[in-house]
Amino acid sequence: MQMKATILIVLVALFMIQQSEAGWLRKAAKSVGKFYYKHKYYIKAAWQIGKHALGDMTDEEFQDFMKEVEQAREEELQSRQ
C-alpha cells in the first residue's frame, strides 16, 4: 500500500513538471485539482496509510481501516455512475 502511495505521488509530480515545462502552470494546477477531485478517496486512503505506517497499529485497527478504504472505494465507484 505504501508503494502505491509513493507511485501516485511520483506520477502527480511528473505530470506537474511536464505541464509547467510547457509554460502552462495554471493549466497544470487545474489538472492536478481535477485529478485530486477524481481520485480523492484513493489519495485520502494513501494519506491514512502513510500516517498509520509511522505508528503502531493492532490487527483490529488495521482491519477497521481496510473496511474504511473499501467503503470509500465503493462510494467513489457509485459517484462515477
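Using the three backbone atoms N, Cα and C, a Cβ is placed for every residue, glycine included.
Per Swiss-Prot, 6'-bromotryptophan is recorded for W24, and the stated evidence type is experimental evidence.
The 3,4-dihydroxyarginine annotation in Swiss-Prot covers R26. Taking all protein chains in view, 10 other C-beta atoms sit within 10 angstroms of the C-beta of R26 (3,4-dihydroxyarginine).
Under the heading 4,5-dihydroxylysine, Swiss-Prot lists K27 (among others).
Around K30 (4,5-dihydroxylysine), taking its Cβ as the centre, 12 other Cβ atoms fall within 10 Å, counting all chains. Swiss-Prot lists K30 (among others) with the feature 4,5-dihydroxylysine.
The Cβ of K34 (4,5-dihydroxylysine) has 10 neighbouring Cβ atoms from other residues within 10 Å, across all protein chains displayed. Annotation source Swiss-Prot lists 4,5-dihydroxylysine at K34 (among others).
Other Cβ atoms within 10 Å of the Cβ of Y36 (3',4'-dihydroxyphenylalanine), summed over all protein chains shown, number 13. Swiss-Prot lists Y36 (among others) with the feature 3',4'-dihydroxyphenylalanine, giving experimental evidence as the kind of evidence.
Residues or ranges marked as 3',4'-dihydroxyphenylalanine by Swiss-Prot on the basis of experimental evidence: Y37 (among others). According to DSSP, Y37 (3',4'-dihydroxyphenylalanine) sits within a helical segment. Taking a C-beta cut-off of under 8 Å and a sequence gap of six or more, Y37 (3',4'-dihydroxyphenylalanine) has no contacts in its own chain.
Feature annotation from Swiss-Prot assigns 5-hydroxylysine to K40 (among others); the stated evidence is experimental evidence. Less than 8 angstroms from the CB of K40 (5-hydroxylysine) sit E76, each of them six or more residues away in the same chain.
Taken from Swiss-Prot, the feature 3',4'-dihydroxyphenylalanine applies to Y41 (among others).
Annotated 3',4'-dihydroxyphenylalanine per Swiss-Prot: Y42 (among others), in sequence order. Under 8 Å, Cβ to Cβ, and six or more positions away along its own chain, Y42 (3',4'-dihydroxyphenylalanine) finds L8, R73, E76.
Sequence annotations record features per position, and here Swiss-Prot assigns 5-hydroxylysine to K44 (among others). According to DSSP, K44 (5-hydroxylysine) is assigned to a helical segment. The Cβ of K44 (5-hydroxylysine) lies under 8 Å from the Cβ of A72, each of which sits 6+ residues away along the same chain.
The leucine amide feature in Swiss-Prot is assigned to L54.
Summarising the annotation, Swiss-Prot assigns signal peptide to 1-22 and lists sequence analysis as the type of evidence.
In terms of C-alpha distance, the listed modified residues K34, Y36, Y41 place K34 closest to K27 (4,5-dihydroxylysine).
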